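A.B. asks: Sending over a structure as structure tokens; questions will come in a sec.
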Amino acid sequence: MRRTTPALALTAALALAALTACSGGDDLDQTDPDIKPATLTVLAAASLTEAFTEIGDQFEAEHPGVTVEFGFAASSDLAAQITEGAPADVFASADQKNMDKVTDAGAAVDPQVFALNQLVIAVPEGNPDGVTGLADLAGLDFAACAAEVPCGAAAETAVAASGADLAPVTYEADVKSTLQKLTLGEVDAALVYRTDAIAADDEVDAVEFPESAEAVNAYPISALADARETYLAAEFTEYVLGDDAWSVLEAAGFQRP
């Protein structure tokens, strides 16, 4: 059964995974993962939560005995954890910048881009303020991701491209937290990825705007050099790059590289 680790409990979960690997990893036959149980630890950008959860279920169904354990958080936080030695098998980032940090540290193995994503303006269902583009955010309270995380960097680029004088009333740690500000009624709008707005389509509407084309994020994935489950890490990476996973990603609103 797939397990998802909340971002706030990520460090503790990874430590537990490390202890588990040390106690039982030597008994696993990495060339035959269908026979003996194994746990694959995947660290992935928060914006991949829904799509990767479904992909993880598919992967487990095709690999009996395998559990995919996810840690979802901001890509910058995950990259920092990996370069500091956190145990994990696969990393999927919401931008190239944070994958490059992991690669430069010698921790990534042949990263490949598997999807693209871009921003929309999320507004309450029915769009009560009549938002049609970035300029309409002037005078509204809106949320954005912090600049150091991929969705925040993309928001800064898009706003700069528009030439509008805009400033969020709050900067959040990741895209899920940014969207939550809207769904809780704390802001009038939020700059989030299209995929996150689609995932919350029963609560929000998505307003597309042309400047988002200036800030399209590429999503790379890589097995990690210190992976404990090297065979499964390579298998999962290839699976994400394949057609079955793409069907899930496309339905979630991602674009082909």
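Note: Cβ is positioned from N, Cα and C throughout, glycine not excepted.
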A.B. asks: Same molybdate site as S75, V175, Y193 according to TrEMBL: which of S47, S162, S212?
C.D. replies: S47
A.B. asks: I need the neighbours of the molybdate site defined by S47, S75, V175, Y193. Which other residues of that chain put their C-beta within 8 angstroms of the C-beta centroid, in sequence order?
C.D. replies: A45, A46, L48, A74, A94, N117, C145, V149, P150, C151, D174, K176, V192, T195, D196, N217
A.B. asks: Under a criterion of Cβ-Cβ distance under 8 Å and sequence separation of at least 6, what residues of the same chain contact S75 (molybdate binding site)?
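C.D. replies: A45, S93, A94, D95, N98, M99, V149, P150 - these are the non-local Cβ neighbours of S75 (molybdate binding site), listed in sequence order.
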A.B. asks: Are there residues of the same chain, six or more positions away from V175 (molybdate binding site), whose CB falls under 8 angstroms from its CB, and which are they?
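C.D. replies: A46, S47, A94, C145, V149, C151, V192, Y193, D196 - these are the non-local Cβ neighbours of V175 (molybdate binding site), listed in sequence order.
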